[in-house]
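Peer 1: In case it helps, TrEMBL gives these features for our protein:
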DOMAIN    111-249  domain 'Peptidase S54 rhomboid'
TRANSMEM  35-53  transmembrane segment
TRANSMEM  120-143  transmembrane segment
TRANSMEM  149-171  transmembrane segment
TRANSMEM  183-201  transmembrane segment
TRANSMEM  207-225  transmembrane segment
TRANSMEM  237-255  transmembrane segment
TRANSMEM  275-297  transmembrane segment
Amino acid sequence: MASNGDGKGRVATAAAGGGYGYGYGGYEGPEERKWWPWLVPTVIVACIVVFAVEMYENNCPKHGSQLGGCVAGFLRRFSFQPLRENPLLGPSSSTLEKMGALDWNKIVHQHQGWRLISCIWLHAGLIHLVVNMLSLLFIGIRLEQQFGFVRIGAIYLLSGFGGSVLSALFLRNNYISVGASGALFGLLGSMLSELLMNWTIYSNKAAAIITLLFIIALNLAIGILPHADNFAHIGGFVAGFLLGFVLLARPQFGWMERQELPQTSQPPKYKAYQYVLWVVSLVLLLIGFIISLVMLFKGKNGNNGCHWCHYLNCVPTSKWKCNT
């Protein structure tokens, strides 16, 4: 979420966990190695620990608030800011900024590029944390079991970084952003590209892709509500989508059964279109990161070159405004 202390956004937990999965798409290949998922649970524990540190550092009873008393005062030092200040049950904006929230001014003018990574581990409140961690649990465990911790860890971190970069390019002054939603959208993007990359080895293709596209569209639609940072969602999704082509290709059937074939009939490990997608995606990914980072550290504001892009982040209606 982006606002004065809100989080990067949220991923629809039920949708993310309840439809498309490896097996739902009807994978027809030989039995593959199943990885023991330890990275995703570790990330979840780390985010919970970081949130506890946020609340310890926030210390609402000591610092107080002009908007009312602390929520859940029995938690003492770990109590939450008033709901009028933070409806997500969390710390103040100043605490999030101190601990590494995404802040365009500090990144560009104070050379604090580390905030592009640190903001991924911060959450704006207990509600924000629970929604994101449940989403990560549903999405990430399946992916790590199927592809291992190295590839899924790389997608998670690079997608989160990509979401932070795009968010910073469009983030207005005096706004901060935190949350793992960009990384989560990267995992969704990688699921889509994995399905397309390995299209020939799935049955029930139509059902799988329709379900996944519905989940993605639903979560992007949620992102146009106030206080959600849809630029982080979009940046993470695009990065994850391209990374899926690079890291999640599956060998074709013939190569998996090569031991049973004559030496002269050995098929290539991957099909030609998989190699093409791999190269194109890697080139686009590198170009995108280089251009975005150069623009960011030169102090460019993405809104100046795209006057309608702010509607991707929030659409004003009679019910809400987008500048709050």
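We count from 1, first residue shown onward.
Quick reminder: no glycine exception, Cβ is built from N, Cα and C everywhere.
Bear in mind that TrEMBL entries carry predicted annotations, made automatically and left uncurated.
Could you tell me the structural context for the features on the list?
Peer 2: Long-range contacts of the transmembrane segment (149-171) within the same chain: residues 2, 8, 35, 37-40, 43, 102, 104, 107, 115-117, 119-120, 140, 143, 177, 180-183, 185-187, 189-190, 229, 231-240, 243-244, 247-248, 288-289, 292-293, 295-296, 300-303, 309-310, 313, each at least 6 residues beyond the stretch ends and with a Cβ under 8 Å from a Cβ of the stretch.
Residues 107-108, 113, 162, 165-166, 168-169, 193, 196-197, 238-239, 242-243, 245-246, 249 of the same chain lie 6+ residues outside the transmembrane segment (275-297) yet bring a C-beta within less than 8 angstroms of a C-beta in it.
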Peer 1: What same-chain residues lie close to the transmembrane segment (35-53): Cβ under 8 Å, and 6 or more beyond its ends?
Peer 2: 78, 90, 99, 121-123, 126, 129, 132-133, 136-137, 140-141, 144-149, 152-153, 156, 180
Peer 1: Counting by DSSP secondary structure, give me helix, strand and coil numbers for the domain 'Peptidase S54 rhomboid' (111-249).
Peer 2: 107 helix, 3 strand, 29 coil
